[in-house]
Amino acid sequence: AIVSLVKSDQICIGYHANNSTEQVDTIMEKNVTVTHAQDILEKTHNGKLCDLDGVKPLILRDCSVAGWLLGNPMCDEFINVPEWSYIVEKASPANDLCYPGDFNDYEELKHLLSGINHFDKIHIIPKSSWSNHEASSWVSSACPYQGKSSFFRNVVWLIKKNSSYPTIKRSYDNTNQEDLLVLWGIHHPNDAAEQTRFYQNPTTYIGVGTSTLNQRLVPKIATTSKVDGQSGRMEFFWTILKPNDAINFESNGNFIAPEYAYKIVKKGDSAIMKSELEYGNCNTKCQTPMGAINSSMPFHNIHPLTIGECPKYVKSNRLVLATGLRNSPQRERRRKKRGLFGAIAGFIEGGWQGMVDGWYGYHHSNEQGSGYAADKESTQKAIDGVTNKVNSIIDKMNTQFEAVGREFNNLERRIENLNKKMEDGFLDVWTYNAELLVLMENERTLDFHDSNVKNLYDKVRLQLRDNAKELGNGCFEFYHKCDNECMESVRNGTYDYPQYSEEARLKREEISGVKLESIGTYQILSIYSTVASSLALAIMVAGLSLWMCSNGSLQCRIC
């Protein structure tokens, strides 16, 4: 029988592929190439200090917070400052306490400033009101200004006048509606001679009282090493005076009195950031000591300290979410050898770069030609699902998260070390959670795409039933003619199985008959070949025996 081989119509289920080299990690695999991916780790910054939501930072340049608040004469540019979004202080500012000494509860004051956005400096005790004490001429070479000795602008160093230091009793009532930051100090002389030279009285004290504060200070007269030419020391203190409260001062010497105080006119999220950067005339929603971040990503690895609406800091170097499919384009040689097919679900070997308008779809071939068609419905559902998942992750993580530095004094080093260990532990947990989240979501996304391809395959299989043959590679070979209209009905789910079932049945029987005829022919040929081979072997054996008998090599006896 002569059998003519005619190529049958086919439809294949496949998925999109492209030239992407994006790679992601999953729970089970590393470096999986995918068609589309989204980086969720911000790694870049602009290297500048920027406005935060349109409000400028207070950049103290070479001044410290203490130098600014007390009025170091080298910090005159900050005598009156507008509203700020955050405060920038260098790690070791040159203009700190110009007169050597200490600022009591300095770290606590800085913490207080992290909730303030604006001060109004107001006069509370004018320098001219100290008529019984020397208040105007006492300066120090430790606080130079334009080559001359000077002193802090916002406090007054009171010295004896006419060999007398009368006891001071002075009050200030806070009649404002806002809290008031008040600063004062005490001078610790080098020796007893300096004590009487400045204050006349050998034994002195300073008393300070409010509704919440009861303080009594006495000078510590001791010889110390010279710093900036000074053997004496100054110690400064502060308090918050509530509205309708009063602060009372009493002293008979060594008193550094407040002249100005700071009215806290606006509270809000702020921070004191340690940075050496310059102002960049820019705007941002997130600032770090390294520079500003303008990103909608949920994580960053730039610096653990931030201010504003910032991504969460993690120690990771790479966090990439898969949004597309596994990317394994078919090789051209395979396409020529085995036809166009693809998918993911275990039996489909590669993606289609020719299908560009969807993630999943079909390739058909019939007498009218061949072509790709994306399955728009399943693709759109998949896009919506993946997009919603990515947006949900970003929304949950990309909330305002400020991580400002905390400062501790020398007596709190153990607390500081413990705090650092706790913060490092939190960062490790955040990093682990972020990396695990990405691995799990990538695994789910790729499984999601696998499932969608499998569902599309099953949709076609259930329609065609025995009207087509599964080829095992994502393709179906029709037992009937399937023109373009027929192909479209398969794709849109309206395939009419009964319409083609009779033609398909005849085709199946025809194929089965050809197989049976072929099997019978092969059996006859096999028997003929066996018999012929046996006869040929018998003739050869008989001929050999006669030849051996004729030359005496074999004796033949006939009985």
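Here the Cβ of each residue, glycine as well, is placed from N, Cα and C on the backbone.
Marked as disulfide bond by Swiss-Prot: Cys50-Cys282, Cys63-Cys75, Cys98-Cys143, Cys286-Cys310, Cys482-Cys486. Taken from Swiss-Prot, the feature N-linked glycosylation site applies to Asn18, Asn19, Asn31, Asn162, Asn294, Asn492, supported by sequence analysis. What Swiss-Prot records for Cys549, Cys556, Cys559 is S-palmitoyl cysteine. Annotation source Swiss-Prot lists topological domain 'Extracellular' at 1-523, citing sequence analysis. Residues annotated as topological domain 'Cytoplasmic' in Swiss-Prot, with sequence analysis given as evidence: 545-559. The transmembrane segment annotation in Swiss-Prot covers 524-544, and the record cites sequence analysis as its basis.
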Disulfide-bonded residues compared (Cys63, Cys98, Cys143) - highest count of Cβ atoms within 10 Å: Cys98
Secondary structure of Cys63 (disulfide bond) (DSSP, helix/strand/coil): strand
Spatial neighbour of Cys98 (disulfide bond) that is closest, considering only the disulfide-bonded residues Cys75, Cys310, Cys482 and their CA atoms: Cys75
Cys50 (disulfide bond) in three-state DSSP notation: strand
Between Asn19 (N-linked glycosylation site) and Asn31 (N-linked glycosylation site): CA-CA distance (Å): 16
Site with most surrounding Cβ atoms, counting all protein chains shown within 10 Å, from the glycosylation sites Asn18, Asn31, Asn492: Asn18
Length of the line joining the Cα atoms of Cys63 (disulfide bond) and Cys143 (disulfide bond), in Å: 13
DSSP-derived class (H/G/I helix, E/B strand, else coil) of Asn19 (N-linked glycosylation site): coil
Whole-number Å value for how far Cys75 (disulfide bond) lies from Cys310 (disulfide bond) (Cα to Cα): 31
Asn19, Cys75, Asn162, Cys286, Cys482 screened against Asn294 (N-linked glycosylation site), Cα within 10 Å - retained recorded positions: Cys286
Cys482 (disulfide bond) versus Cys50 (disulfide bond) - Cα distance in angstrom: 66
Separation of alpha carbons, Cys282 (disulfide bond) and Asn18 (N-linked glycosylation site) (Å): 39
Fewest other C-beta atoms within 10 angstroms, as judged across Cys50, Cys286, Cys310, Cys486, which are the disulfide-bonded residues: Cys486
